[in-house]
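Undergrad: Positions annotated as Zn(2+) 1 binding site by Swiss-Prot, on the basis of sequence analysis: 70, 72, 85, 88. The Mg(2+) binding site annotation in Swiss-Prot covers 460, 462, 464 and is backed by sequence analysis. The feature Zn(2+) 2 binding site is assigned by Swiss-Prot to 822, 897, 904, 907.
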């Protein structure tokens, strides 16, 4: 037995390797793999079921069918191992060699490999510089190609059809050589002199001017160099030998009834062999050319189908009309080799069952059914039984276990003790979807799960199933306990908030016990300590919610762990005192002295984790849960029909609304309103009515009369009935956050309100009934409409969200923390996140858990740093920074980290799931992908149509301050008018209001032409209007003073005058050039400023004060009017921007991560300079920007785009010229990486924030880092890179370092932004890319370039079956690398000498 095991071990001794290379197999290589040639298409003999000799299953070639037994049965058993039987020619070996031994087919004529021919760009085409159509014409025998023109007028590579060929033959005889088919292509490929071609192209590229040609050349140069450096031979793209897959990988299985189930590959191979044999025979017989040609073409098609069926022409189908699965189909797609067998394997020692709730379990436990445990731990039990001598053999032990003897259960108990098991619930969207627990044996067949981990698993008990896995090795058990135990996963990796938070019944119980009730039994009692209160409550002398005084003991723990106790008497309720009893030391009483709604409980656990540590938090969470369940049971809260109180005002409100709607219908009927206006008004009326009803309903629900202990209503001091917060069950459930919401209660006891159609538009007739009254048939049908769409959406959403997660994981999987500190001082500038003038996310929340990149200063004091650079900002530091009034902080970020492979611990900051600085080896890429992908299912799928209420919001025309404070003006350019007010003349100005601490509470953008009534540093009260502007026109402002002089303003030609009927004022409007008479087409009307003597006025910044007027501009002043500084010279009407659909939810997130260019994107200024307009073309305007000292830059802009800039203005690089959705590529090019990071982060956060999902910024930054891996070379300098190449940034850095070291010119480059799909496919590792998408393309490209995969990422290592280079696996990889470096150094003579002398000294 032992011998056999050793033999098996010796079989799979794999060599250690550090990289995998993919390349082209030469015919000799294929023959060297092969164990024999397959000559016949037969598979097995249908009578004897034995494989046919020389067939596709031949035992002589591929090995024996039974272990250690030849086919004829002459040699059996182990002792003949390795003997080759002389009768049947089969080697005696293990049958499993049939999985690894390959055969081959010698092809009678060469055949082009379809991947290199048809997968775009065609590699053969690039090498021969021919189009794919031409090559196909040669390959499929339609035309001849000249291989060697000899001394004739023909060219090498020229195509000739039959007639031309015969003409040429007559003319030149056999001077030249022209052939057709794959042999011609092979000959041409073999004739290429790679080095010469490369040199020629390298010389040619700098001499060409046309962009397209350079592109074409560099493509060809790339592939030629690839062949040159990888050592692949171009001729190998045309095969002469075809390898045959080992037979056990394409099995043939006899079914009952004499039929066979076979792999499609066998059919495809049979076709190839049949055609090949026929071709051989035809060639021997010297058959006519046309027949041979036809056979060769059929052979080519057969091999094509075998390699990649359906790639060319129609796919070959089997008997049942479905296309046969070719070799390419075997490896690609979800069912292919990569995703089905290499990245996702099924494992032994696992089971699954339904889950039920286990409320009495501790947090680290789960209930495991005895039956399952017995099955899962069987081998352990066998070994223990044998060890103890209770069973003599494994077989006896098996019997004992099957009989379930008493001793077996005792042993099971021992085996299971302290042996953690893993529980997994599909879908595993983030790492908390698999956690470790200690099993507790239970009766029954369902797994019991601790209620507090349900949130992490997203599990409920309506029939969910979970899988159990057993970690076998000691290391696995250790990791399960130290890293995966549910007690170690209290915080969510996505945002650092606790994820072990009570929900539903527990929240309800805790809320009920911490509410206060007026006039309850025992109100006003005083207790010496909590225990006394507990006794009184147990004796029924005081109510749980009674307001009492209790003396509590508070323990304060300072940072060094010193404890100080203090006692005080607090006003509280009995329930809160009881709750405080289980709170760990170090937390103040205030934290529980309020009704514990869900938010408060979450905050309590968070504070507990930060102040009392992990261990206490876990114990506390359990106690909290037990207590919550206990009091939820004691409360007796239940829902009755009467709890849904319908407010009596409802009916009046509904009637009033109906009357209003009738009026509007009448107005519409008499033609006073349009259809759209009527629709909007009706919907407005019903929304308002619905709001009023729900308000009345909530008021009614949330208040109730106080009833004393004697059952009588209690009167207040003024003699009125005393009211208190309601104890209505429905209200308590919603208020505590246990279940339900105001919106749901509204549907139950208010009115259901307006319903939506599937396309998102709102149906005019609302549902006035609620669920308590019941819906009539019409109402029921209206509500089914939207509900169905909801269900369909959910299904789609899940699939889309899963796909997004997969792409995210794929792009970020190889990002691991690899070093402590990369030493950069770059970072991102963090500011509070503003929306609509309000601070939505304060600065503190954004920088918590990050490392400062530069010293942090307050806005007032720029000398003394509040926090030095390189500090990890924890809760205490953040609080200090906020108190100091800091308004911006530079923090280190994943995007600016300079670590080569991976990222450094400092740039990442805090590990959110653990609360301390991140460890080296943490797979931050995958964590980021999971954190962004996991909430994906909560995002909406729809695009918001701006309609109804949203689109009629009045345009903003002023800034009204919400809080009092100090005015701060940011990058303001302004002109002071005569009355002292300021006029804004820059486009990127902003106004902020800071409070006493210096924190900016509000933040507003100031448009061009806004008039400010305050200056920088002024104090303002809340509610003051500080700025005004006209939202409908864009002003042109005089930056100098003088007299207006009209230029080219000719009535009826360039301008038209209109007089206002009411005021009598006349306005001049500039006519659009399209509508002008011929004489005025090219004239540009303008207003010039002149001084009193008629001389031109100079502008302060240089240049004359002349204002060109664009089309439709309005001028209200007369010629010769006096103009002061800051006056409005002319106004340009702004068409209200068309309402665009806002893409929201998941599609928006996907668009951002895929870096898609939006339609009609914003146009940004490419350089800084002065704006002017050039000659217009049809449908386009020509915008020219002229910088101070450089050439002008021109851009053509479609006429329908509205511009924000006007003639003669100065713009800064990257400023918006025409509004629209931002294009991330432009932001990166013009404003840089930091701005891009800010843009993508904010945009994605906006989508998630709308759904109430909190994700830390750094996860998004990690993904953005991966999207920015590639750069485009703009100038190669003296490096080996090519201009226009796209390469990894690390590669450029290494090249530049080499260049700098040799005092050569380094390469210059531009950062590129790739979408996540593209970035995944462009990774260094071909294994990772191939297992993601477009497998064929990735492998083809990899093979041609002879790519090496250094197995740096996680995915590649999973595929080759190694530990991943992250977490505990990183140590293994580092150790291997260290050993390898040592081996490379080898032993020097000095080392030997030293060792010898040491040895001699020791002996003496």
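Counting starts with 1 at the first residue shown.
Placement of Cβ uses the backbone N, Cα and C atoms for every residue, glycine included.
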Undergrad: Enumerate the residues of the same chain, 822, 897, 904, 907 excluded, that satisfy the criterion Cβ within 8 A of the mean position of the Cβ atoms of the recorded Zn(2+) 2 site; list them in sequence order.
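TA: My list of surrounding residues reads 819, 821, 824, 892, 894, 896, 898, 899, 903, 905, 906, 908.
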Undergrad: Would you mind checking how many other C-beta atoms are within 10 angstroms of the C-beta on residue 464 (Mg(2+) binding site)?
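TA: By my count, 17.
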Undergrad: Among the binding-site residues listed here (460, 464, 822, 897), which has the Cα closest to the Cα of residue 72 (Zn(2+) 1 binding site)?
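TA: If we rank 460, 464, 822, 897 by Cα distance to residue 72 (Zn(2+) 1 binding site), first place goes to 464.
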Undergrad: Does residue 897 (Zn(2+) 2 binding site) have same-chain partners at least 6 apart in sequence with Cβ under 8 Å from its own Cβ, and which are they?
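TA: Looking at Cβ-Cβ distances below 8 Å from residue 897 (Zn(2+) 2 binding site), excluding near sequence neighbours, one finds 822, 824, 903, 904, 907, 908, 1265.
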Undergrad: Among the binding-site residues listed here (70, 85, 88), which has the Cα closest to the Cα of residue 464 (Mg(2+) binding site)?
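TA: Ranked by Cα distance from residue 464 (Mg(2+) binding site), first place goes to 70.
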Undergrad: Provide the three-state secondary structure of residue 904 (Zn(2+) 2 binding site) computed with DSSP.
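TA: Residue 904 (Zn(2+) 2 binding site) sits in a strand per DSSP.
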Undergrad: In sequence order, which same-chain residues at least six apart have a C-beta under 8 angstroms from residue 460 (Mg(2+) binding site)?
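TA: Same-chain residues close to residue 460 (Mg(2+) binding site) (Cβ under 8 Å, separated by 6 or more) are 454.
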Undergrad: Near the Mg(2+) site, what residues other than 460, 462, 464 in the same chain have a C-beta no further than 8 Å from the centroid of the listed C-beta atoms?
TA: 355, 459, 461, 463
Undergrad: Which of the binding-site residues 70, 85, 88 has its Cα closest in space to the Cα of residue 462 (Mg(2+) binding site)?
TA: 70
Undergrad: Report the member of 70, 88, 822, 904, 907 (the binding-site residues) whose C-beta atom has the most other C-beta atoms within 10 angstroms.
TA: 907
Undergrad: Fewest other C-beta atoms within 10 angstroms of its own C-beta: which of the binding-site residues 72, 85 fits that?
TA: 72
Undergrad: What are the other residues, in sequence order, whose C-beta lies within 8 angstroms of the center of the C-beta atoms of 70, 72, 85, 88 at the Zn(2+) 1 site?
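TA: Leaving out the recorded residues gives 59, 71, 73, 74, 75, 86, 87, 89, 90.
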